[in-house]
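Take a look at the structure set out below.
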Amino acid sequence: MTLSICCAQRNFVVGDLSGNVQKIIAAAAEAYANGARLLLTPELALCGYAAEDLYLRPAFLEACDAALQQLQQASVQWPGLALVIGHPQRDEQGNKLFNAASVLRDGLQIARYFKQLLPNFGVFDEQRYFAAGQESCVFELDGIQIGLLICEDAWHAGPARAAVAAGAQLLAVINASPFHSGKSSEREAVIAQRAVENAAPLVYAHLVGGQDEVVFDGCSFAVDASGQVAARAAAFEEELPMVAAHLVDGCVTLTGALKPQLNHHHALWSALVLSVRDYVGKNRFPGALIGLSGGMDSALVLAIAVDALGADKVRTVMMPSPYTADISWLDAREMSERVGVQHEEIDIAPQFEAFKAALAGTFAGRAEDTTEENLQARIRGTLLMAMSNKFGSIVLTTGNKSEMSTGYCTLYGDMAGGFAVIKDVFKTEVFALARWRNANDPFGTGLDPIPDRIITRPPSAELRPDQKDQDSLPDYEVLDAIVSRYMENNESISSIVAEGFAPADVERVTRLIQINEYKRRQAPVGPRLTMRSFGKDWRYPITNKFRA
């Protein structure tokens, strides 16, 4: 006996209930035509993951109930095909809400499972909204006993063990597992462990797409009872992968197509591109606007935006000041020409002089300092936002994680915008990604989008004569290593010093992280790419005197 299983690795949109229903119907029709008997949708596919405080609105939950009923009625179109639908479900009294998976077949609901383990860390807030399920769910399909799990359930031994004890021969896991670098391999290792522990194969159906600061990378997969990966879908792409479950002498084995995993930089690039494409597209912006400086960060953001949106939807503006080097003009022009975007230049010297003249009396007797540097950044921010208002395009900001951590950015200046594309990319990784993209063309827009001179020049904000980033910060290799240890790994100042870093550097960097929390609170959202980003998974007080 062979049971064909499809994973609806689709880009479901939060709050778009009618659109999500249509995507599920289309996936079901295709799966049925291909001979599938079971279709797995991702976790909370019906309403999109994560709907956050929409779960607290009765009208939203009523709409989810109606959408589920629509799918149940539609299931008669595909006789014998069972649909596993991820959705929110209230109890009969309406007092509790569960993260649920319902099995629909031939117009009936034949099984339902409530997620048992609710993550409440990092980007997850599930205990804010959901109650925990208490029971396993096993249903029969074509002679195979199938146990249901939802995402976090499979990261711990208990729920899988209980499902197998209840008779499951095959475990089906529906998921919305946020991406970070290395996450695909991490998932496969955990699921393989569950398979080996229980001598039972698992099919892992996953979501793909960008949702605000979270990215879902697809890579649905299946592992056999020995823990070997038997099938894997593509990364960062919509697919409808098929897995065949073979029942022989009471044991289930799995077969399917095995797509390759992406390497580190390919995965990061794909996540960045998908996040920009979905943030711009799902929020209905007609295009993107980028302040192009001739430097590395804005060049990288431009390359990402063109891969994500196409050159016709990206516009760049060079806004030179009296401190802008001629080479920056030339490099900005060259890159704009290479990628084929609309480019213009607006000299901010007149506005800069006007601001200084207006403040001359107030600032009399005081030397120029970072105030005048920040004026330039804020003039640029004002011009970009004016163009955004006029044309409707979203401003993509260009600050990296090294700058966001230390506050090496200007509030209401270069931080002004709608989406912070590389806010979770360290400066050292910015250079590495630029080199990788110049050598690879994953989306067919052309090799070498970034002029080599942009990559090799010493980075500078160009807000004063002969300025270099390292005038104000440690070398980026040192800075990024300290930030990673302190911010991502929660290491103490003393432990970082014990690893061989200069005490003065560690003290300075960690102090900058602390005193610039107020800036980060006002930054745009941007994609989470690491184990910990300056987003939902970083919640530190602004007013704080603790240092360690």
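Cβ coordinates come from backbone N, Cα and C, glycine included.
Feature annotations, courtesy of TrEMBL:
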DOMAIN    3-254  domain 'CN hydrolase'
ACT_SITE  Glu43  active site, proton acceptor
ACT_SITE  Lys115  active site, for glutaminase activity
ACT_SITE  Cys151  active site, nucleophile
BINDING   Ser177, Lys183  L-glutamine binding site
BINDING   Gly291, Leu292, Ser293, Gly294, Gly295, Met296, Asp297, Ser298, Thr398  ATP binding site
BINDING   Asn374, Glu403, Lys519  deamido-NAD(+) binding site
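Counting Cβ atoms from all protein chains shown, Lys183 (L-glutamine binding site) has 19 others lying within 10 Å of its own Cβ. According to DSSP, Gly291 (ATP binding site) sits within a strand segment. The maximal spread of the ATP binding site, taken as the longest Cα to Cα distance among Gly291, Leu292, Ser293, Gly294, Gly295, Met296, Asp297, Ser298, Thr398, is 12 Å. Within 10 Å of the residue listed as 'active site, nucleophile', counting C-alpha to C-alpha distances, fall the following of the recorded positions Glu43, Lys115, Ser177, Gly295, Asn374, Thr398: Glu43, Lys115, Ser177. Under DSSP, Lys115 (active site, for glutaminase activity) is assigned to coil, being neither helix nor strand in the three-state scheme. Residues Asn374, Glu403, Lys519 are the ones the record ties to deamido-NAD(+), and the longest Cα gap between any two of them is 15 Å. Counted over every protein chain shown, other Cβ atoms within 10 Å are most numerous around Lys115 among the recorded positions Lys115, Lys519.
For Gly295 (ATP binding site) paired with Glu403 (deamido-NAD(+) binding site), the C-alpha to C-alpha distance reads 14 Å.
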